[in-house]
Amino acid sequence: LFYRFGAINLIFRLEINCKFAFYKSSFSSLDAQRRRSLQQRYSIYRAIVRMNCVWLDMFRCMNNAELVTFNERVFRIRKRLGEGAFSFVYLVQERSTGKLYAMKRIVCHDAVEQRNVENEVKLYELFDRCPNVISCEDFSIGPAAAYEAAIHGQGELQCDKMVEINILLPYYKRGTIQDELNWRKISGDFMAETRLLSLFNDICNGLNALHSLKPQPYAHRDLRPANVLLNDDDSAVLMDLGSARLAEFTVVNECRARQLQDYAAEHCSMFYRAPELFAPNVGDKLDERSDIWSLGCLLYALCFWESPFEYTFDKGDSLMLAVLSANYRIPTKSPYSKTVHDLLKFMLEPDINRRPRLSAVMERLKS
């Protein structure tokens, strides 16, 4: 079908070019009406050819799509869904069943990065039974393809030193909460409070799975609407555990402070980043309550479509100063109850030692 369609397109293109060349030779002798007629006809023919080229490209992509294997299960990459700072996410289809999945591809440049990704896979496996944390279907490890190495800025000469890890995940066709907030912001449509609190409760349940890990709790560190998926039953599912680390961390010296600040700059979205991650000081003790600040920012975004500190940033003021002083505003025309506003203030406490733990947030949510 592909070659037949291509041959037809080529013949059609040659035909209209020959015809137009013939008419063009005597173009000056034609009257104005005849000229317009020929120009319109030629424009239509060119549009048809361009459309045929689009179909040809589509057929070519379908026939040349990359195949990926997970333990003898073969998948075909359909399209790219998105990308992060360190990974790409693709829509893939299993050849034997036709079922759609999402595949996260990370190219690791050294052993440290590979170990971090392997820890991410282990975390997915730990939460396999939690309905509010995304599960891992399978994963594979192999040498990075040359074009993936080039995309990540290393070039083909060094690609033999790089490792490619593919993580097979469920596909959520409704996308993320951020996708919904984008169109709500454009239309000015507020989310119903009952649904808002239901989604927030799901997010808390997913986060609680990380904070309750034994022997040591984990913190997500990059909690935001773009990292929360929507299931078909309208439940929320936490994703992207690539930034998750052990929650408890002590800044023992200036070197550790700089390391923490650099890590936060790379892995924690600035509009949802906790104050203690902007300017860590020697002696600071961090724990899972850094996620509570991000959780408060996320609840604010569910209410008003964006982080409480995006307005400050858009004005050109200092984002860090606004976060450190918890300088945000609740819109005067907010459609939500005092209970929701109080819950926001409860979590957006700039002092980590006075900030509540997740158990207190969930208890207040129940009451």
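Note that Cβ sites are derived from N, Cα and C of the backbone, with glycine treated the same way.
Annotation comment: TrEMBL describes 75-367 as domain 'Protein kinase'.
DSSP assigns K104 (ATP binding site) to a strand. Feature annotation from TrEMBL assigns ATP binding site to K104.
In the predicted structure, the domain 'Protein kinase' (75-367) carries a mean pLDDT of 90. Close to K104 (ATP binding site) in the fold, though at least 6 residues off in sequence, lie S87, F88, V89, N166, I167, L169, each with a CB less than 8 Å from its CB.
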